[in-house]
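*Asks:* Let me give you the structure first, and then I'll get to my questions.
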């Protein structure tokens, strides 16, 4: 027996799987199932409604706060424990507000999927 | 000695944890997304660890010393980005089954051209973000350990690339999660100590800022970068050797590396290009970038760049792909908001104390170093040294964790998206990319970490943010729309950065639009993408591809495939 080049022996299934992996990303999402479409569209609309509300709240908090600072410069003078109120409103307030908003939205988004 | 004590444990720990990831790594998926097996809590710690970069650990406090309380809008925007991510991106992005952002772009719209363009954007963002990490590593080490600037840069490059080349995403995950805990402790404990140690008078001054017009005590200023000073009256200063120099009124160029001692009572000079912290607006909670006189607009620009930019940061997005399924990705985003919120309560303390104790820092061109410089200012004994060591270690952890994630996506963009190769090619790309970033960081000592990182956010906000928002929520998006929107955003934001770096100094409106390009580049990219899409026809089955992103596979009535398919 002559020593030849070693060749990998694979089943056709493996070759298929390999070529599929190489084509990864090429429109995998585009192979949809029409039966699913209605269910998915309902989910999508429910999630979109909740997303819009959460974003409106987030933007109101952030852009509203800048407006408050601009309109009421007196907030720099009022002090709580010696610290200007406007510093606290910027350095502390947004964080608990955003944590609460995230938790609230997470619950609602998961609730939609559980139904 | 101090530097060795601070940096060596962090570097060694990073490498050791990195070695844990070596086992069981066979495929590109293992390397890029840790086989998608990371739990939400570990993942959110890793996201936070990766996200708290030099810009957060040092940059925010430095910016606050330099431009005022309004700098605290940056961390607010950084955190808000994760709320937006949770709401709009996390779960659908994970369900796309992609490994990288370019993968996602191609999966959604089936366009290889879009994939390549997205990879170029990843490289741009990665470069803008990585250079300041390495640069600040060099700067901090040179300040604490008196080493040349390049030493810290090279140490950062070698540590990060070794860990990553060996352990890939799994190693990066453990390292980043560990480093989040490390950073939180190393930021929190010194902050409390500084507050107690600083004394009642300093604490009072910190919340009652006065204009910085004169040096209150003999102050040595170490110029770490070339600085042009504007001096109003002739000023006599001393050198460390005892010579006296008279700085004449007018502009004076001071070379990097010099030390000048300003005697008590000397009027404080201004720096050209920067604003001195003597502005009465310092204590206003709005950001007036470059004194353009539009603080609300400036602040909105910063918010847009940081919040929408976070949604498009490729190294953050890839972390969501390590979740086992869409729900875990969403939980990761929500937990991250909490973890970041705890951390971001702290930079304000450093900024306020730094403003009282070292207002002159803006002269040396290195306000970024205020956090590590504070302990020595408060206590000149061994306790102060100990806290300097702790903060330097924390800062190094910040550079390493962020650089790990960035280097991973940069290598992924080159060896997975642009020129697909296997695991071996990915690993060697990591080394090559790290070497390239080290070379880029060497001449970048003088550029503020905060500014470069904000530019990276701006590019992300003007390119990937519209691509993801429309890709996930709008079925009419077309390939032409996506490509033109991303191109307009990329050229707009990158062009502005070039103007800011190399162009003439500007004033008024143009200065504001150049300082904060997110204000116009992001709406422009969104509009372009929408208008061009409306003109054309979306690819066939595009609506189905979008809807599928919102379908939880484990609960779908028709689709019972396992959540993880790679």
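Backbone N, Cα and C atoms are what each Cβ position is placed from, and that goes for glycine too.
In case it helps, TrEMBL gives these features for our protein:
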type	residues	note
TRANSMEM	B:72-92	transmembrane segment
TRANSMEM	B:113-130	transmembrane segment
TRANSMEM	B:150-168	transmembrane segment
TRANSMEM	B:180-200	transmembrane segment
TRANSMEM	B:297-320	transmembrane segment
TRANSMEM	B:332-353	transmembrane segment
TRANSMEM	B:386-414	transmembrane segment
TRANSMEM	B:426-446	transmembrane segment
TRANSMEM	B:452-474	transmembrane segment
TRANSMEM	B:486-506	transmembrane segment
TRANSMEM	B:518-536	transmembrane segment
*Asks:* Could you give the residue numbers and ranges of same-chain residues that sit at least 6 residues beyond the transmembrane segment (B:386-414) on either side and whose C-beta is under 8 angstroms from one of its C-beta atoms?
*Replies:* 2-3, 5-7, 9-11, 14, 32, 49-54, 56-58, 99-102, 119, 122-123, 126-127, 129-130, 133-134, 136-137, 140-141, 144, 156, 159-161, 163-164, 168-169, 172, 175-176, 179-180, 182-183, 186-187, 189-190, 193-194, 314-316, 318-319, 371-372, 374-376, 379, 426, 429-430, 433-434, 437
*Asks:* Can you tell me which of B:72-92, B:150-168, B:452-474, B:518-536 gets the most C-beta pairs within less than 8 Å of the transmembrane segment (B:486-506)?
*Replies:* B:452-474
*Asks:* Any chance the transmembrane segment (B:113-130) and the transmembrane segment (B:518-536) are in contact, meaning at least three CB pairs closer than 8 A with a sequence separation of 6+?
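*Replies:* They are not in contact.
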*Asks:* Cβ under 8 Å to the transmembrane segment (B:452-474), counting only same-chain residues 6 or more beyond its ends: which ones?
*Replies:* 53-55, 59, 74, 88-89, 92-93, 101, 104-105, 108-109, 118, 121, 124-125, 128-129, 131-132, 135, 302, 304-314, 317, 444, 481-482, 485-486, 488-490, 492-494, 496-497, 516-518, 521-522, 524-526, 529-530, 533, 546, 549
*Asks:* The transmembrane segment (B:72-92) and the transmembrane segment (B:332-353): do they have three or more Cβ pairs under 8 Å, with pairs 6 or more apart in sequence?
*Replies:* yes
